[in-house]
């Protein structure tokens, strides 16, 4: 793999604009190479080609191939002669900017090289400023985590030994990973002792051990210091407003509460600090990778420059890179070592290997058996589809009197699994294209590293669900048609119910099988959606709620399950659900519940973030609720009146226009007339702009499909009404899948624009001013 592609593959996507623009520098070097090749040709030929190149820049590439046999000659007699001078110039903001002076500027064609070094300096200054800024931020975070660690260990001691007085002096662990220390604290008393035994440590012995390890007076530690338990008098617990209980507490009283010195409180604090340290260590790793990759890029580009120009400028420039803050600072490495030691000692019982597994989770290994299994399941599903079609034609079910009975009673039961499988298939396609176009969806959704499902795993689940559903369908048909199984008619009608119980059981299975972490993540998000007003709304929560708005027909199928098997006569394959007023009311309720959840989420975000856009978004969902309710009422009318038709059509039209505008302009960030890409947006992930226009047009068309049900237009005469409803619901799921890609693309680009590559992790403790001073 070429370095340019490898460089792009390894960079942090949210920081991609902060990396050195290697491709741009490389293109300038290509211009220099072309000029050198032109100068090696006879003058008349060179003049002719130069004139053509001015008229048609695309001829450069063809010309480069023709002149590849000509090699540029050195403009210096001695390659060791000085070519450039690099110096730091004091800028207006007080920071030094590095500038390169090209000493061969009088040579012919030197303007190209001057452009190269000017661009190179701009890139280096950009990189070093970004690196300095982030290092300063992690140092501040390290100091804050150090205070949190001191409070945590004091709390551990207090919980384990509640009789210790407030004025007793206790040796705490090294002062976290404060940036003020100049060395690293290593555990010296058998790292595998439990944290309950760390409370009382002999100060003098510890100091002697530290001095012995560091070898001399100059390396004495500042990390071990005597800290009184009265630190806890200046500490309060941060109440995170993210759960129902914490929300009520925040409404009734302050968001900070006094310590209760309970073990539950200690466990909560440990969990929060653990997450904070893991996220902090991840940031340090990415900063170290950022430094290494940019140093490598500067080295590569300068070696290419030397090769093209036959100069020896890379030595001087790379010496400057090594001596700069970017190349000589070791704060990040030192902090990483301190985090590793601290985490291993206090969260892994001194087991460094165990601690490193938590800090550096291994990337998932792709398994060929997953590809084999979803290929097998997909093939079996296709075979079952063919068998079902043959079975239907053999029985002439589509033309028999049993058609309506089957479509009204059995088809809605199995269509539920079809909606779910189609949505999973669309999400698998989303993950494939997100990964292909380097959209960091695991970070956006907040998945734990290594637990996110790739498109192969999703295809495996989709094909497995399809296989189960199709197997149930054909079993249903075969048992019914076989004379030997006529006595099992009741059991036959229960097959869809057994399938539903099996799928739900797998979804809620507590054992670590079938991607338990992903299943529980989905269940947690669904629970937070249901309890929307009481939970802090995060992106996974409202993203899932948006998915539920496209699964209205699936919720109605669940309602039909309840009606068919509880109040219906499933043994005779008949029901009178639509004749029940209760069923009709709940038919409307289950349809508006997803939109209501989104409306409540918008209200919660409006109260928290004070952003009027969330209020407008809430009005959008209210308009959709009105449209769905009026459309359903009109649908149930036996004698349809013009007044209800006008109301249903008007509200549906307004909701469609409102939703379509919000999809394209707000969620996707498109239709920006003054952007660099007219009628799109300034930054695009996809290279072909026509894809965006096609997606906008398709979104509008699919948004209008549901108007067909309002106006009662029977577009496909041979389809049963229930089948047509399923087709419309499936088109809405497909539209949602398209929406998902562009919605996350816009979110990713927003993260890139703000260099947002990390999640903010809430800390457990809050210091007052006296507490800060005491630390």
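A Cβ is built for glycine as well, from the same backbone N, Cα and C atoms used for every other residue.
Straight from TrEMBL, the features:
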DOMAIN    1-319  domain 'SPX'
DOMAIN    578-775  domain 'EXS'
TRANSMEM  370-390  transmembrane segment
TRANSMEM  410-434  transmembrane segment
TRANSMEM  455-474  transmembrane segment
TRANSMEM  494-515  transmembrane segment
TRANSMEM  581-597  transmembrane segment
TRANSMEM  643-665  transmembrane segment
TRANSMEM  686-706  transmembrane segment
TRANSMEM  712-734  transmembrane segment
Seminar exercise, completed: Beyond a gap of at least 6 residues from its ends, the CB atoms lying under 8 Å from the transmembrane segment (643-665) belong to 617, 620, 623-624, 626-627, 630-631, 633-634, 637, 671, 696, 699-700, 703-704, 706-707, 710-711, 739
Seminar exercise, completed: Contact set of the transmembrane segment (370-390) with the rest of its chain, CB cutoff 8 A exclusive, min separation 6+ beyond the ends, reads 456-457, 459-460, 462-464, 466-467, 470-471, 473-474, 477
For this session: With a Cβ cut-off under 8 Å, give me the same-chain residues at least six positions beyond the ends of the transmembrane segment (455-474) that come close to it.
Result: 366, 370-371, 373-374, 377-378, 380-381, 384-385, 387-388, 391, 414, 417-418, 420-421, 424-425, 427-429, 431-432, 435, 495-496, 498-499, 502-503, 514-515
For this session: Mind looking up the mean pLDDT for the domain 'SPX' (1-319) in the predicted model?
Result: 67
Exercise. So what's near the transmembrane segment (581-597) in sequence-distant terms, Cβ-Cβ under 8 Å and 6+ beyond its ends?
Worked result: 529-530, 532, 545, 548-549, 551-552, 555-556, 558-559, 563, 621, 624-625, 628-629, 632-633, 636
Exercise. Under an 8 Å Cβ to Cβ limit, what residues of the same chain, 6 or more beyond the ends of the transmembrane segment (686-706), are close to it?
Worked result: 437, 631, 652, 656, 659-660, 663-664, 668, 670-671, 677, 679-680, 728, 731-732, 734-735, 738-739, 742
